[in-house]
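**Student:** First the structure, then my questions, so here it is.
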Amino acid sequence: MSEPLPPKEGEPRPQKEESQNDTLEATESKSQHITGLKLGLVVASVTFVAFLMLLDMSIIVTAIPHITSEFHSLNDVGWYGSAYLLANCALQPLAGKLYTLLGLKYTFFAFLCIFELGSVLCGAARSSTMLIVGRAVAGMGGSGLVNGALTILSTAAPKHKQPVLIGVMMGLSQIAIVCGPLLGGAFTQHATWRWCFYINLPIGAVAAFLLLVITIPDRISSTDSELSTDKPMANIKSTLRKLDLVGFVVFAAFATMISLALEWGGSTYTWRSSVIIGLFCGGGFALIAFVLWERHVGDAVAMIPGSVAGKRQVWCSCLFMGFFSGSLLVFSYYLPIYFQAVKDVSPTLSGVYMLPGILGQVIMAMVSGFAIGKTGYYLPWALGSAVLVAIGAGLVSTFQPHTSTVKWVMYQFIAGFGRGCGMQTPIIAIQSTLSPEQGALGISLAVFGQTFGGSLFLDFANLVFGSGLRTGLSKYAPTVDTQAVTAAGATGFRDVVSKNNLPGVVKAYSLAVDHTFYLAVGATACTFVFAFGMGWRKIATKNDTRAVPETDA
């Protein structure tokens, strides 16, 4: 059957197409995109902030032993990470709601200030309790930074430039995952662990200055609102009502209970303990209550409207982000263990050894972003990303104590190449699906999926690694004290193991790391499945400012 011919000149267009074009043209006409040097400064500032966020999450890892020694707080170790995570996850949807109601630039600035305040509290902490409070405050501020940065890019840049700019931001900021432990170790060894937090202040100040001197356009609401973008607090009562604070409290309860269950399960409490079971059950009930409440208040007020979360492209993108983040963090946390424990290199050199994956990721993030902006299609890159990362993770899972340099360089590069292909595709899918005023909500959900999914897979990887290490020690070094080896850590076990038992312990460590990458392969396989749900959609390109409707065929 032939396609219908386009209308001749002078004939009216079909009503549906006309309304779509009018909406897009109206949005474009109201948007005041920035270009040139100003756009470059905006990209630099939000990249600084995203880098800062990932640096803060990774830099504390090498400082924790010294912190626990100073505060005599070994029992509080779990809270140094979970306090940040709990606050960050619980506030993600609320942060997205704030970006839809209040001015984009100053809301982002407020979150940055809260994050910096948390860093000051951590750096100045005189007790373990003060440090935990500071981590929670930093998590509150961090809940609005990555999603705010992505929202700023999607508002400030023309549609055809957004893929490459998002790729640049996400690709470069991921370097912080490698730099964090290196800087943390350097500060702890040569200065003080407090600089692990104070380093956030100058970087954040540079980003804040760049944003304050540049005018960033706000999103345009498609309907008349009780709130004014120019005067966001003109009606405080209406603002509070639209924030859906009841929904926030219920969602925060869900996120807190599930996060605590994952944090404590297998370490503080056994998985079968009443505490862990109670937390999972309570989190499940809170989630059900949240869904019912959101349906009750309706999309106009709901913190996570059904019209946003219910779209297949949105929830598939969020799940893609969660599994993608899980795979990425397995690489980031367990490759250094392989290099330091198995290859016996220093923390600094292990960071250098991870450069092939990082370079492949950064290069391909920019290349794929440019290609998506030119062609308008993001789904092939998401699918290609899943395939390449799965292959790379599978190859890395074959690492042995004597794996050659050529192999560990090339295998990392393949995985990094794949990560760079797909890391920005969920954000692009969400932006192409939702209206401009709903974009911040969708991005917040994706960032929540990224944070929550990454945390979940790190917990799973920790269980897999611990189990694999104990099994390997009993098989390859049955005479060693397993508890002493695990207590000594990945860099200290050589001091407590005899020369005869050392090869067996190294072999056990190598196999335990390999097992964690089976988990990365599984996570990446899930991204391949959910990528199809992100939709075959052609986004606007430089020569075509109209998005092509999705085809489900």
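Each residue, glycine too, has its Cβ placed from N, Cα and C.
Per Swiss-Prot, the features are:
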type	residues	note
REGION	1-29	region 'Disordered'
COMPBIAS	1-19	compositional bias 'Basic and acidic residues'
CARBOHYD	ASN21	N-linked glycosylation site
TRANSMEM	41-61	transmembrane segment
TRANSMEM	77-96	transmembrane segment
TRANSMEM	101-121	transmembrane segment
TRANSMEM	136-156	transmembrane segment
TRANSMEM	164-184	transmembrane segment
TRANSMEM	196-216	transmembrane segment
TRANSMEM	245-265	transmembrane segment
TRANSMEM	273-293	transmembrane segment
TRANSMEM	319-339	transmembrane segment
TRANSMEM	352-372	transmembrane segment
TRANSMEM	376-396	transmembrane segment
TRANSMEM	440-460	transmembrane segment
CARBOHYD	ASN543	N-linked glycosylation site
**Student:** Look over the recorded stretches 41-61, 273-293, 352-372, 376-396 and say which has the most C-beta pairs under 8 A to the transmembrane segment (164-184).
**Tutor:** 41-61
**Student:** Does the structure show the transmembrane segment (352-372) and the transmembrane segment (319-339) touching, where I'm treating 3 or more Cβ pairs under 8 angstroms (sequence separation 6 or more) as a contact?
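**Tutor:** With 3 or more qualifying Cβ pairs, these stretches touch.
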**Student:** Mind pulling out the one from 77-96, 101-121, 136-156, 196-216 with the most Cβ pairs under 8 angstroms to the transmembrane segment (440-460)?
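**Tutor:** Against the transmembrane segment (440-460), the leading stretch is 77-96.
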**Student:** Under 8 Å between C-beta atoms and at least six residues away from its ends: which parts of the chain pack against the transmembrane segment (41-61)?
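**Tutor:** For the transmembrane segment (41-61), the list is 34, 80-81, 84, 112, 115, 119, 138, 142, 145-146, 148-150, 152-153, 156-157, 165, 168-170, 172-181, 183-184, 187, 196-197, 199-200, 203-204, 206-208, 210-211, 214, 216, 332.
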**Student:** Are there residues at least six beyond either end of the transmembrane segment (273-293) with Cβ under 8 Å to its Cβ atoms? List them, or say none.
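**Tutor:** Residues packing against the transmembrane segment (273-293) from afar: 246-247, 250-251, 253-255, 257-258, 260-261, 264-265.
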**Student:** Look over the recorded stretches 101-121, 196-216, 245-265, 319-339, 376-396 and say which has the most C-beta pairs under 8 A to the transmembrane segment (136-156).
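**Tutor:** Most Cβ pairs under 8 Å with the transmembrane segment (136-156) come from 101-121.
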**Student:** Are there residues at least 6 beyond the ends of the transmembrane segment (376-396) whose Cβ is under 8 Å from a Cβ of it, and what are they?
**Tutor:** 163, 320, 324, 327, 330-331, 335, 368, 407-408, 411-412, 414-423, 425-426, 428-429, 432, 514, 517, 520-521, 524-525, 527-528, 531-532, 534-541, 544, 548
**Student:** What same-chain residues lie close to the transmembrane segment (319-339): Cβ under 8 Å, and 6 or more beyond its ends?
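**Tutor:** Those are 58, 174, 177-178, 181, 345, 347, 349-351, 353-354, 357, 382, 385, 389, 393, 396, 399, 412, 415, 419, 422-423, 425-426, 446-447, 449-454, 456-458, 460-461, 465, 490, 509-510, 513, 516-517, 519-520, 523-524, 526-527, 530-531, 533-534, in sequence order.
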